[in-house]
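Take a look at the structure set out below.
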Amino acid sequence: MAGAIIENMSTRKLCIVGGILLVFQVIAFLVGGLIAPSPTTAVPYMSVKCIDVRKNHHKAKWLMPWGPNHCKKLKDFDEAVSRQIEANDIVFAVHIPLPSKEMSPWFQFMLFIMQLDIAFKMDNDLKENAEITLDVSLAYRDNMFDDWEEIAHAIEIRKLKCTFGSPKTVESEGRHYDCDFLPFMEIGSVAHKYYLINIRLPVNDRKGINVGIGEIKDIRLVGIHQNGGFTKVWFAMKTFLTPSILIIMVWYWRRITLMTRAPVLLEKVIFALGISMTFINIPVEWFSIGFDWTWMLLFGDIRQGIFYAMLLSFWIIFCGEHMMDQNERNRLSGYWKQVGPIAVGSFCLFIFDMCERGVQLKNPFYSIWTTEVGTELAMAFIIVAGICLCLYFLFLCFMVFQVFRNISGKQSSLPAMSKARRLHYEGLIFRFKFLMLITLACAAMTVIFFIVSQVTEGHWKWGDITIQVNSAFFTGIYGMWNLYVFALMFLYAPSHKNYGEDQSNGDLGVNSGEELQLTTTITHVDGPTEVYKLAGKEAQE
């Protein structure tokens, strides 16, 4: 009777913990959906054609598209021909942001893509596999009356991928090609108020530079930056979650150090997962508001990569530690076949990111996809990482199958076991099924919300209430994985109770062989885990 009461109380505690976590999960989604604006904003820019007839163009002053010191403008290229202005004397100027606006450090990053308006002309047709050479410069200033300071200058080559939907005849002259967007620039901070881009298309018939690229009418840019309102909500979430995970992590490790045995592998991995989650949570982005830290995008990718690698490793080791066979797996070297693909895949993605965003720290106009060698190298890294991911999931599925097969075998023999061994295996089975359910739920919610955010228009409107789906996806999934790690450390921490010798061995009648078996898992003679207690597994008859 007493055992049943204790079990009901423990089940109620487990429901309460689950309910509290569910409430926080709903709040995480609502914060993004109702409070935060859309994560990013796309702003179209039309370049202004300026005339620069001086020599040594690289040393020329910056050409402004508008304002008190704006450049001499061209309406179109027909005017340039009539005035005998050469292509090398034309500069496409773009001021960021639009007139009467300012950029802000809260925007965090700027990503630009380019679209070319190319007209068909019989005597200046666009050649197949044509390449365009861009002489681009980027400058900044924080006051409308200050001089421009150069950030970067580069000569970049982009491949043109265009189609023409009409027959190439005289009647079709003037119609535009349908060209793909081109990657143009990415910069990892927005530390200044005003930016200026000058683009030149140098022409050299002898070297074949910008020959056979058709008749370019205009250059359009689309600038994408993070919304300041979303950034503030994101920083607030990080600031709140950092101490939450840090406190539970310290509490979890203190529980482990109070035990008489050394930490087992699974406990170490859970603690490492908490460290990687804390590494993501630490809101170092606050410093980007006052400092020009262009490396924040790369740093964020590295932090996420470490967390995902630890999460994948944890799933493998968790399955291995619940095999319930006689093999010794309390060593990381015992999982080299499963963890190896994670390490190789993570390394390939790290090298790819360094080749892309690492180079962009010096040259924001660089893109690894603009050259054949770069494209092949990038695809090689991605393919290897994809193969490693496939191998990992094959290993993981096989281990999950083995665990469930062993569970079926153990459940049929549970009644014949001694009480200590029976309680031990019941705890293992419950823990495994419980975590598998939570893991599948988290993975399913991640996939579902990602698909919904891609296929919807970005927001739902119910009456007077507007829900930002993309923002809810970011804040909700981010909060969900924090709660996942929080629940792991809370539910799988060793019990704070100190069980005496008579209660552990004498009363339960466990022999020395059974005691050694218990020491290989978290459910130990020093005390069961929190989830073991909450499930009522320690209730005495």
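All positions are counted from 1 along the displayed chain.
Backbone N, Cα and C atoms are what each Cβ position is placed from, and that goes for glycine too.
No curator has checked TrEMBL annotations; they are predicted automatically.
Per TrEMBL, these features apply:
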type	residues	note
DOMAIN	48-226	domain 'Wntless GOLD'
DOMAIN	227-496	domain 'Wntless-like transmembrane'
TRANSMEM	233-253	transmembrane segment
TRANSMEM	265-284	transmembrane segment
TRANSMEM	296-318	transmembrane segment
TRANSMEM	339-359	transmembrane segment
TRANSMEM	379-407	transmembrane segment
TRANSMEM	428-452	transmembrane segment
TRANSMEM	472-493	transmembrane segment
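Remote same-chain residues near the transmembrane segment (265-284) are listed as 235, 238-239, 241-242, 245-246, 248-249, 252-253, 256, 296, 299, 303-304, 306-307, 309-311, 313-314, 317-318, 321, 329-332, 481-482, 485, 488-489, 492, 494, 521-522 (criterion: CB distance under 8 Å, separation of at least six residues from the stretch ends).
Counting same-chain residues at least six beyond the ends of the transmembrane segment (233-253), those with a Cβ under 8 angstroms from any Cβ of the stretch are 28, 31-32, 35-36, 270-271, 274-275, 277-278, 281-283, 285-286, 471, 474-475, 478-479, 482, 485-486, 489-490, 493. Stretch with the largest number of CB pairs closer than 8 A to the transmembrane segment (379-407), among 296-318, 339-359, 428-452: 339-359.
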